[in-house]
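Enquirer: Starting off with a structure, shown below.
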Amino acid sequence: RGSMAAPRSFSAAEVRARCAQGSCLVRCRRRLYDLSGFVRLHPGGEQLLRRRAGTDVSAALDGPPHRHSANARRWLEQYYVGEMESGEEEQPEIPLHRARCGSCRGYSCSSPLPQDLVDWQKPLLWQVGYLGEKYDEWVHQPVDRPIRLFHSDFLEALSKTAWYVVFMVWAPVVLYLSWVSYTSLAWGDTRLFSSFTTEYSIPVHKYYFPLIFLLGMFLWSLLEYLIHRFVFHMKPPASNYYLITLHFLLHGQHHKSPFDSARLVFPPVPASLGIGFFYGVLRLLLPEVLGLSLFVGWLCGYIVYDMMHYYLHYGSPKKGTYLYGLKAYHVKHHFEHQKAGFGISSRFWDHSFRTLIPEEETFKKED
């Protein structure tokens, strides 16, 4: 095996010239990183990184406005392109309360990426089960690269979905079933509890449809939280190859590669199985039209969730808006707080079930 090539050296003039042409190069002491492909995805906003182009970010990694996690530092290493020429880097002054944080949090900007535990040239789904006790740590160390799951091109295609496909497939279903539900309720023969009693059954008028629809959306938000927390974030036994493989298929792949754009929303084929199951449950528990009306709102909630989830990864919300805060909150879930922050479209259920990601300690900027 040949020795690794020495890292390329960059002069300060070359860095300035590349930044002037639109690249976003930053330094961490002597190590140089090209963040041009990441700036749009940065949870703090593109302009924040653009303003730091050509500068040393080693102090900024420890705040303000917040300390970056070990995973964030590890993520930075993926964009390493070389070293500054000796004597051309400027060492920033780092206050003592920050200087000790970079290494004590498990990863510093001088640490190269370790060798991976899997072969990325082969489908990952059949490899991860062999990681055993190393799987949980490995899957929660995110990388910026696409994932291939299957050997079969057909199965691989079914496992990927562009964000707009979800809207194109399910929005017409919501519109059609909303019309069916409303017109069916307009007949006036839908009654609640009619299977138990006719004397005290409650008529369901067509004007109740918007309320039932919103109740369905609210029900989806609860199910979204419960599935994310108790199914997607189950910790499979280290000795069980099949449960590890299943976990990676359901959600682990997303945590390993959170910016794989083809794997941010549910593919329609597997999604239809879960959607059909939920509809069947409602048909068993409620009168047909009432169950359908609730289901339509639930399905709309799912569409909003999937669209919002994609936007939280790839969108650039304006600073100070609700979505800006939600994007930062979701990124914390991926990079540092995997055992909290299970709400995607809102933090309501995290508040209710006490799984809210804790507020970070704040910093005052030094003069």
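Indices start at 1 and increase along the chain as displayed.
Cβ coordinates are placed from backbone N, Cα and C, and glycine is handled just like the others.
Below are the features I grabbed from TrEMBL:
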type     : residues                                             : note
BINDING  : H228, H233, H251, H254, H255, H309, H313, H333, H334 : Zn(2+) 1 binding site
BINDING  : H330                                                 : Zn(2+) 2 binding site
DOMAIN   : 7-85                                                 : domain 'Cytochrome b5 heme-binding'
TRANSMEM : 162-187                                              : transmembrane segment
TRANSMEM : 207-227                                              : transmembrane segment
TRANSMEM : 264-286                                              : transmembrane segment
TRANSMEM : 292-312                                              : transmembrane segment
Enquirer: Provide, as an integer number of angstrom, the distance between the C-alpha atoms of the residue listed as 'Zn(2+) 2 binding site' and H228 (Zn(2+) 1 binding site).
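Expert: Here the two Cα atoms lie 12 Å apart.
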Enquirer: For each of the binding-site residues (H255, H313, H330), count the other CB atoms lying within 10 A of its CB, then report the residue with the highest count.
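Expert: Highest number of other Cβ atoms within 10 Å: H330.
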Enquirer: If you count other Cβ atoms within 10 Å of each one's Cβ, which of the binding-site residues H228, H251, H334 has the most?
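Expert: For the binding-site residues H228, H251, H334, the Cβ with the most other Cβ atoms within 10 Å is H334.
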